[in-house]
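Novice: The domain 'Mur ligase N-terminal catalytic' feature in TrEMBL is assigned to 27-102. The domain 'Mur ligase central' annotation in TrEMBL covers 113-297. Residues or ranges marked as ATP binding site in TrEMBL: Gly115, Ser116, Thr117, Gly118, Lys119, Thr120, Ser121. The annotation domain 'Mur ligase C-terminal' is assigned in TrEMBL to 321-445.
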Amino acid sequence: MMTLTYEEICKACNGSIISYGKTETAKGVSTDTRAIEKDMLFVPLVGERFDGHTFIKEAQKRGASGALVEGGKAIDTKEYEDFYLIQVKDTPTALSNLSKYFRDKFKIPFIGVTGSTGKTSTKDMIASVLSSKFSVLKTIGNFNNHIGLPLTLFNLEEHHQFAVLEMGMSALGEISNLVKIVKPEIGVITNIGMSHIEHLGSKANIMKAKMEITEYMNEGNYLLVNGDDEYLQNLKGIDTPYEKVFFGLSKDNDFYPIEVNQDNGYNITIAFEGENYIFNLPQYGIHNVYNGLAAIWIGKHYGVSPSEIQKAFNDYSPTKMRMEIIEINNYRIINDAYNANPDSMKAAIDVVSNLKGGRRIAVLGNMLEMGKFSEEGHRIVGSYLAKSKANMLITVGKDAAWIAKEVIKGNSNIDTYIVNSNKEAYEKLSALIQADDIILIKGSRGMQMEEIITFLQERS
């Protein structure tokens, strides 16, 4: 946990102290008064519908020893006796600057993970593998933006030997701002897909945004990229100051499996220090093999043994709403409702198609942030689903209806229903569920598709 004097905080934030407190040191940082603990620094953020400055007094009551104050905010310092107030130009920038100052105190390897899909799972697998031998800090959930990443860094402790950090973006320049703080010695790019294409306009721009992870990488640093990705393949043959490692299923890559077999997940045969080792990855979906390859390479690079890597895979469990298996009565739900884009939709469809059981039912919601590419993206998913082993499709939302229309056009054997809400999807599903059914629930975060699962659990 961050422990800094208020003089240090003021210097790191390029601020000025406008009120002095009696506690000279801040222990931890929070942007949420509900999470304030004794002697924490409170950083008020300003949004469209809220202003955290209105909660500074509440933060003081809950035990905070000081707060940042954005320039231009009317604060009566007389109301804050024995409480530090540091005025800064803007609180998000101050938060970033403070986290950079704190991060620079740690001379440990920092690993950054980005990509259109699979960031969280890959980050979690890498952290799991390294944790089998070392003390590791990792991004919790998807705290991967200009607020979440600094808050993660404030949890660094002296015992940590590695930090594995997820880096997200929705526009050019955002990852650049994150790596300015972190300066990773290893960067990982999982793939280039259509996530956030509404804001970036093209896959070429998405590639450009993801490559910002390399801006502070030099000789002795590594960039791991999915060498099977059509965009990332273009990095082959390009001279860089850092070393590139291409991983994937193709033998054209630097790091690839000798053999991959499905058995309680996947058995992956890897050449490891002159011998062939079989790693069992008990996860669904070939996309998880890619995640596992990145984790194995990094583990091997830092001296983690094959047995330690296997134990990490055995102990690994995915973050909630990411290929999460839920048993309800006599049927199974694949809860992949955290987010969705065409690539992750296709990966989820593959998982359901390869599972053994009864009927395969896909309940798919809108993929958001697609902009002018929305119809094309949804139709791509529909065309893919029409060729799968799915038996039934329920789409939720206006844009997702394009998935249904493509399925109806391409495969009349898939029973297809179009609804407008999660409640309607539940009602339709509830009337149709049979024993041994396998049900995929997936859509963008804004669709909150997990509501359907809650309805089904309450019904049971």
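Placed from the backbone N, Cα and C atoms, the Cβ positions cover glycine too.
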Novice: Please work out the helix, strand and coil residue numbers for the domain 'Mur ligase N-terminal catalytic' (27-102) from the DSSP assignment.
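Specialist: DSSP composition of the domain 'Mur ligase N-terminal catalytic' (27-102): 28 helix, 17 strand, 31 coil.
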Novice: What count of other C-beta atoms do you get within 10 angstroms of the C-beta of Ser116 (ATP binding site), across all chains shown?
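Specialist: A 10 Å sphere around the Cβ of Ser116 (ATP binding site) contains 25 other Cβ atoms.
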Novice: Using a 10 Å cut-off on Cβ-Cβ distances across all protein chains shown, tell me which of the binding-site residues (Gly115, Gly118) has the largest neighbour count.
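Specialist: Within the set of binding-site residues, the most crowded position is Gly115.
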Novice: Do you know the mean pLDDT across the domain 'Mur ligase C-terminal' (321-445)?
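Specialist: Over the domain 'Mur ligase C-terminal' (321-445), the predicted model scores a mean pLDDT of 96.
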Novice: Would you mind splitting the domain 'Mur ligase C-terminal' (321-445) into helix, strand and coil residue counts from DSSP?
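Specialist: Residue counts for the domain 'Mur ligase C-terminal' (321-445) by secondary structure: 51 helix, 31 strand, 43 coil.
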Novice: Measure the Cβ-based neighbour count of Thr120 (ATP binding site), defined as the other Cβ atoms within 10 Å of its Cβ.
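Specialist: Taking all protein chains shown, Thr120 (ATP binding site) has 24 Cβ neighbours within 10 Å.
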Novice: Centre the Cβ atoms of Gly115, Ser116, Thr117, Gly118, Lys119, Thr120, Ser121, go out 8 Å, and tell me which other residues of that chain have a Cβ in range of the ATP site.
Specialist: Val113, Thr122, Thr190, Asn191, Asn291, Ser344
Novice: Would you mind checking how many other C-beta atoms are within 10 angstroms of the C-beta on Lys119 (ATP binding site)?
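Specialist: So the Cβ neighbour count for Lys119 (ATP binding site) comes to 24.
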Novice: According to DSSP, which of helix, strand or coil covers Gly115 (ATP binding site)?
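Specialist: Coil, per DSSP.
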